[in-house]
Amino acid sequence: MSYVSAINTTVSYITSEATKDGDTQPSSLSVQFIYYTFLLLDIVSVPCSFIIFYYFIRSPELRHQRESNHLIIHLLIGTSLVTAVDVPLIIPYLQNHYYIASMAYPTRFCIFWIMYDYGMYSVNLWLMAFTGLERYLQIFHKQVILKNRIIRFCFYYLSSVLIITIVFFWYLYLVALYPCDQSQFDVTQMLCGFPCYKIDTNILLQNIDWIFADLLPLFLAVFFILLLLAHTLYQRIKANKHLIQQSIWKRTRKMILQLLPIATIFLIFNLPLITVGLLAISNPWYNTTPYFYANCLSYGLALCMPFAILSKQKLIRKRFISLVRPNRMNRTTPQTRIVIPLHKFKQTVAISKMDGDT
């Protein structure tokens, strides 16, 4: 299930049940709130992502730390592709449900949009799972990654390439090539409704798609995050008892803190979706308004990801602030003169010193 495929289920259910129960339909005020929230966050998030990526590439200090930042950079790229392409396609839909119908080739657009949305959601879930695993191994079992170049190459490069390739061809087949009626798109719905394989009678294929593209990486990401937090807490307790462990704790603390805000927003924006989805299996009411809001909330992961990364990148943050407030960085510091008598040579030397120097 993608960022918005469950929203389509919700919208369809709401449409059929609106006459029975007026409480099942999200209010227009809440939809407008979501629209302006997406719009404002996207305007800020996209340039912030590109600035962070620029400094990751150009900064010599960060290039020396590239092994510890590889998967974080991949995750930044993945989420920025959502905010740069997917969210701008959703924003006009929240204002006008009929803008897709006015396009020259709406069917081609729908196929592209569904493939992109489904694919990016699954790719980012798998990248988050590998990021949690990488950070756990990098902190507590570093020798596993640093053992040889082949392992490092497979872990940092080949894994991301395989994820993107497998997900791309998987959804290329399901959305564009699967033998079913591709003309059933509803251009008045977000993501043009459903791809035809979602409403096909092949339940096994739908379950495989849901488990391996969404549920499994989501479970692995949560598992590795919780494992990292539990092991970190255990190491912190040991560090309080042994002086040797304290030095180890200081070395690993920075890497833990880099992942902490990313893990926090991942859990905040995805756990509601997991909870509501599981509850909807037994109670159809959760397929209505709760599912709509939970899916909208899941976009917060991509929209807030650059700020989570920026919060723990001190060097990038300083340079970012210098761009926002350049006058503060260019202020001229007043000078004072310190007179030091040199009795041996019977002369006085005046030394200029900047205020604040030590």
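Positions of Cβ are set from backbone N, Cα and C atoms, glycine also.
Keep in mind that what you see is a predicted model, and the values were worked out from it rather than measured.
The following features are taken from TrEMBL:
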- 33-57: transmembrane segment (TRANSMEM)
- 48-309: domain 'G-protein coupled receptors family 1 profile' (DOMAIN)
- 69-91: transmembrane segment (TRANSMEM)
- 111-133: transmembrane segment (TRANSMEM)
- 154-173: transmembrane segment (TRANSMEM)
- 210-234: transmembrane segment (TRANSMEM)
- 255-279: transmembrane segment (TRANSMEM)
- 291-310: transmembrane segment (TRANSMEM)
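Between the transmembrane segment (111-133) and the transmembrane segment (210-234) there are at least 3 Cβ pairs closer than 8 Å, counting only pairs 6 or more residues apart in sequence, which means the two stretches are in contact.
Two recorded stretches are said to be in contact when at least 3 C-beta pairs lie under 8 angstroms, sequence spacing 6 or more; the transmembrane segment (291-310) and the transmembrane segment (33-57) meet this definition. Model confidence over the domain 'G-protein coupled receptors family 1 profile' (48-309) stands at 84, taken as the mean pLDDT rounded to a whole number. Under 8 Å from some Cβ of the transmembrane segment (210-234) lie the Cβ atoms of residues 1-2, 118, 121-122, 125-126, 128-129, 131-133, 135-136, 139-140, 167, 170, 252, 256, 259, 263, 266-267, 270-271, 274, all in the same chain and six or more residues away from its ends.
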